[in-house]
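Feature list (source: TrEMBL):
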- 1-13: compositional bias 'Polar residues' (COMPBIAS)
- 1-22: region 'Disordered' (REGION)
- 40-61: transmembrane segment (TRANSMEM)
- 43-327: domain 'ABC transmembrane type-1' (DOMAIN)
- 81-101: transmembrane segment (TRANSMEM)
- 155-178: transmembrane segment (TRANSMEM)
- 184-205: transmembrane segment (TRANSMEM)
- 363-598: domain 'ABC transporter' (DOMAIN)
Amino acid sequence: MQQTIKQGHNGPQSEPGRKPKPQYQSAFNILGAYTRPHRLTFAMVMVCTVIAIACELFQPYLVKIVIDDNLMVGKNDFGSLLIICAVYFGLTIAELLFSYLQNNLLQFAGQSIVAKIRKQLFRHITKLSMSYFDKMPSGSLITHISSDTEVVNQFLGQVLLTLLRDGLTLIFILVLMFQLDTTLGAYCLILLPVIACISIAFRSFIRNTYQMARTRLSALVAFVAENLSGMNLIQAFQQQRSQGKLFEEKNDAYFKANVREIRSMVMFNRTFDLLSNLTIAFVTWIGGKAVLGETLEFGVLYAFITYIRQFFQPINAITQQWNTLQSATVAMNRIWGVLDHKPDIVDPAQPLAIDRDKVEGRVDFNRITFGYGNGSAPIFQGLDLHIGPGEMIGVVGTTGAGKSSLMSLLCRFYDVQEGNVQIDRKDIRDLPQAELHRIVGLVQQEPFLFSGSIIDNVRMFDESISREAVIEACRLVGADVLVQRMQDGYDTKLSERGSGLSAGERQLLSFARIIVFRPRILILDEATANLDSQTEQLIQEALRVVSEGRTTIVIAHRLSTIMQADRILVLRHGAIVEEGTHEELLLEKGYYEELYRHSQGEAHKEQEKQLI
């Protein structure tokens, strides 16, 4: 079951096609909720960081002591030199140790947080209503789970470490500078506005080049993916050369954007190096005069120059992490936009109890009105349909007649706007969704098989279902012969979506899945549409087995699938225009008879193709 998501902030909704702007306050508020359980870890990171910085920055000060208190005064105290060298070595080891601990603790906390976000995000997505997936491209959701969470991971593992360590380093260096010499410290402090202006100017320029490179990379990847999907068409129409030219244009555009980004980063780094060297030259000139005038110790000047070199490194590092900070902010807001989205279909506060084994299978659509919204016209208006327990109903009609919409309402992928849908005279909106989906089984035109063994695909990875039950189900629908031909039998690993199997073989396994889960109402949504005639006969026999004792609704593309149905409904523009058995509808010589003649013509053409 999905864990309850505590939402103290209404994050921005993620909208396809719209580029969100960074909203730092909301992003940090969201991330803060995930970091609270790791407060002790972050406190330990802070302690390790402070100790590591102190160890690093105290090293130049030790050299200053050696220069001023030993070398410059001609003191031949080798014992104190040895002690200072030992302390210097100890500080180096301590810095290494505490930096290692700081890194590992922060990485552990970051990985734990991202794993929790990824888990929560996936669970939440699986609970969202189908209307959400109608509006949100699957590619965007994949990006949220993979790329966006990885960007957050980079923020926690890299950016946060840089901001924490380098930010504290800057503060400590300024304190040490003023402690060593107030005048030189003031001169260096004057340079901060100059550094800030340069950083802001470069930040804007680097951000633009970064975004341009990412945009052109996305266009290049999309172009390659599109060409790989349509490779048969490209080869059939001899479009390799023209597509190659288009690829070269996009590749060249990405190359130029990437080079520009690299040049801007190099220019930024070299500018900071130049500024650092100019500052060192300035301090050397001012400090050198003070040393010659004997108002400043030589060791202080050495320590000052060392601290200036160390001062510019954190500024450079923090500025370079700006793009990742922006990306993490946008990514966190996008992730929260998904997590903050409430499902349209929710369980009632006090759901009705229902025993699946006692469900008779009566289905009633009582004067339902339904449309997909977004300004589109309603598909059903005042539709009445009543199906008796154990009855087999065939539903036919042209594309857009409302066949699949009818089944989506029974599965409660959507809710009706008016009227109600009932099972055994109970409104399905009053039933828990988990129980409803155990009662209603669905076999689609393209059955979905996961990467994994056949046994796990049939029982949907539910280990409470025994191996023997799966084998018996496969035997009943005729899939056992197919499985036994495979090298590893029921332990054979299937590739993604069962691509190594034919359409008919995948359907047989989906029928076995129905037997295993024992729904009381069965929906077949054009389950034989893409099968040849020989395979269809196998499926027809399997259909007879799985529909026995169940209320069965068959949405048919091929009318041969429903000729033995107890009742056939003909849908047209969301209304039932004809109803009866196969023979009765043919005698009426109406719309069904027209569909039948058309399907017979297609059947003859298919037989001719098979003979050829």
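Each position is counted from 1, following the chain as shown.
Any Cβ shown, glycine's included, is placed from N, Cα and C.
Remember, TrEMBL labels are computer predictions, not curated facts.
Residues 88, 91-92, 94-95, 98-99, 101-102, 105-106, 108-109, 164-165, 168-169, 172-173, 176, 302-303, 306-307, 310 of the same chain lie 6+ residues outside the transmembrane segment (40-61) yet bring a C-beta within less than 8 angstroms of a C-beta in it. Tertiary proximity for the transmembrane segment (184-205) is limited to same-chain residues at least six positions away from its ends with a CB under 8 Å from its CB atoms, namely 174, 177-178, 264, 267-268, 271-272, 275, 279, 282-283, 286-287, 296, 304, 308, 311-312, 315, 319, 322. Mean model confidence for the domain 'ABC transporter' (363-598) is a pLDDT of 84.
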